[in-house]
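Visitor: TrEMBL feature annotations, pasted as is:
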type     : residues  : note
REGION   : B:1-31    : region 'Disordered'
COMPBIAS : B:1-11    : compositional bias 'Low complexity'
TRANSMEM : B:40-62   : transmembrane segment
TRANSMEM : B:99-125  : transmembrane segment
DOMAIN   : B:100-293 : domain 'ABC transmembrane type-1'
TRANSMEM : B:137-159 : transmembrane segment
TRANSMEM : B:171-191 : transmembrane segment
TRANSMEM : B:212-234 : transmembrane segment
TRANSMEM : B:272-293 : transmembrane segment
Amino acid sequence: MQHGKYRFIVGFLAAPLAIYILFVIWPFIQSIYYSFTDWSGLSPEFKMVGFANFTRMLDDEVFWKSFQHSVMFVVLLPLVTLTLALFFAFMLNVGGRRRKNAVIAGVRGSSFYKVVYFFPQVLSIAIVALLFQFAYNPNSGAINSALKAVGSALRWLGFDVEMVQPNWLGDPDLALWCVFAVLVWCSVGFFVVLFSAGMASIPKDYYEAALLDGANRITTFFRITLPLLWDTVQSGWAYMGILALGAESFAVVQIMTVGPSGGGPDYSTTILPLYVYQKAFRDGQAAYATTIGVALLIVTLLFVAVVMRLGRRERLEY
Amino acid sequence: MKTTDTPPADATPDERPPVTKTTAVPGPLEKPSEGRTLNFFSHGMLILWAFMVVMPLLWAVMTSFKTDRDIFSSPWALPDSLHFENWSRAWTEANMSDYFLNTLIVVGFSLVGTMLLGSMAAYVLARFEFPGNRFIYFLFIGGMSFPIILALVPLFYVMQNLSLLNTLPGLILVYIAYSLPFTVFFMTAFFRTLPTSVAEAAFVDGASHTRTFFQVMLPMAKPGLISISIFNFLGQWNQYLLPTVLNTDEDRKVLTQGLVQLAVSQGYKGDWSGLFAGLVMAMLPVLAAYIIFQRQVVAGLTAGALK
């Protein structure tokens, strides 16, 4: 196998590596370098300014708001999404009524649920964001008009109620949660399917043994399903956190929220990737944008480190 | 890989016992009342979520057939008649046809490029020992967890200097570059699982390394290639961030940014029905493809996470 081996290796690696380095690695290295300059992006001239961008960032109120929101996303989004997904997957696989010949069974129609839950995963995040922007519309959106319909139905039944008509994306207290809900909406299905596949590979004998010992469903979940699924949950956690800090969150906030290229009202929905984008491509402060980008990189790496650390458990072989 | 082959537990309980046959557990072990409330609750939650997933999509389809006046006055009512003119207006006047064409060109070339370059690199990294192998492998893998937006600021100017900014070939190259980390990661793992003896036999018979790769190894890797192609296709078709930054020329916009642009401009014109028609137009082909190729799509998208 030696003949012409190195020529072959170089021949096969050259093109992919060249493209990858030119468009991914090189810009990454440059961006860290630029964060120490005063480059505007508009003119080719710039000079080194040391840590000036970083000190400016620490005093920047909008940066801290974005930082706060991003940290909230990276903590809560995986938590909410994975909890919901674990619950649904467990119901689909183990939650059904017990039948003859089967120790455990999923609910009726579980394959139908899996197909439907997966829908959002194949749609573009941009389409989903646009769709919900209209659904949240306070006057004629799907949500408020559904609320109104429920209200009039209740009044017709004799209840004296006035249904709330929130301003959703226009309300600084609600806007961020509206965005959050959309991200949960489009991610849960993927994890339901992923966890279902994992649960299906857990040997049925374990459930049988637990049932013979008199365990109920909740105990079964915490003592058998979750520990044996832990590896998948951990990688799902990392994946979801990176999504919360990455392109998906950016798209949802940029498209859905108000203000010049998103983040409003009153910076209540701004997040780190959006702020990087705005500084670089709206305000012409490329160097400062890369500084915020470096902060985002640090948050991402810290998150990955925490997941690896907290997620480490003794690997169970089965 | 065959992650979706879970026996569909309940659809046909009689012909196909849902789980590996084990001895039946006698019923009295479970208190019936607990089972019933839990069942009721869990079913309710499952139905509620299915409803929440489907309703927005149905609402969009319904709205795309309404007149603008009806959209505002009665958002949940059925359309009085199917206003197909919304669709034709979106297709021609709102440039949806151009957006579709641009997306097809970009995704077509990027997908082929990604698969070819990705599997070439992965094959070499998986099957050959040479100094720097591990380093190059981790260089590729590292790209999966870095925030892309950080690289995009300098990348914008790199593209400008190469005169690739706002061009479709430029966008294609960038799509390929950003799809490589996961493709290399996945295909390296896949090539490692293939038996070495076949490649060795081909080599002994006088095939060159290149020929062995294209005529022996690639066909053997077909299941992996299909999974990762589906993954990359959806990722590139749905891409929003990269074109938003690097491809802002009006004539070259791809579907996702075209729709966002449409939302802004139609907002001024008040042509909401046209916009919804555009949204549904972009949504339906992907959903239809998913429903037809369900098993492959799910396997493709979940493959990486289960490795």
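Counting begins at 1 with the first residue displayed.
The backbone N, Cα and C atoms fix where each Cβ goes, and this holds for glycine too.
Describe each of these features in terms of where it is and what it packs against.
Guide: Sequence-distant contacts of the transmembrane segment (B:40-62) (same chain, at least 6 residues past either end, Cβ-Cβ under 8 Å): 75-76, 78-79, 276, 279-280, 283-284, 287.
Tertiary neighbourhood of the transmembrane segment (B:99-125): same-chain residues 133, 136-137, 140, 168, 171-173, 175-176, 179-180, 183-184, 186-188, 190-191, 213, 217-218, 221, 225, 228-229, 232-233, 236-237, 252-255, 258-259, selected by CB-CB distance under 8 Å and a gap of 6+ residues from either end.
Remote same-chain residues near the transmembrane segment (B:137-159) are listed as 121, 125, 165, 170, 174, 178, 180-182, 184-185, 188, 241-242, 245-246 (criterion: CB distance under 8 Å, separation of at least six residues from the stretch ends).
Within its own chain, the transmembrane segment (B:171-191) is flanked in space by residues 106-107, 109-110, 113-115, 117-119, 121-123, 125-127, 137, 140-144, 148, 155, 159, 164, 217, 221, 224-225, 227-228, 231-232, 235-236, 239, 242-243, 246-247, 252, 254, 303-304, 307, which lie at least six positions past its ends and keep a Cβ under 8 Å from the stretch.
The list of residues near the transmembrane segment (B:212-234) in space but at least 6 beyond its ends in sequence, with Cβ under 8 angstroms from a Cβ of it, reads 1, 107, 110-111, 114-115, 118-120, 123, 179, 182-183, 186-187, 190-191, 194, 198-199, 202-203, 286, 293, 296-297, 299-301, 303-304.
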Visitor: Report, as numbers and ranges, every residue of the chain located at least six residues beyond the transmembrane segment (B:272-293) whose Cβ falls under 8 Å of a Cβ in that stretch; write 'none' if there are none.
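Guide: Contacts with the transmembrane segment (B:272-293): 57, 60-61, 63-64, 66-68, 71-72, 83, 86-87, 89-91, 93-94, 96, 230, 234, 237-238, 255-256, 259, 262-263, 266.
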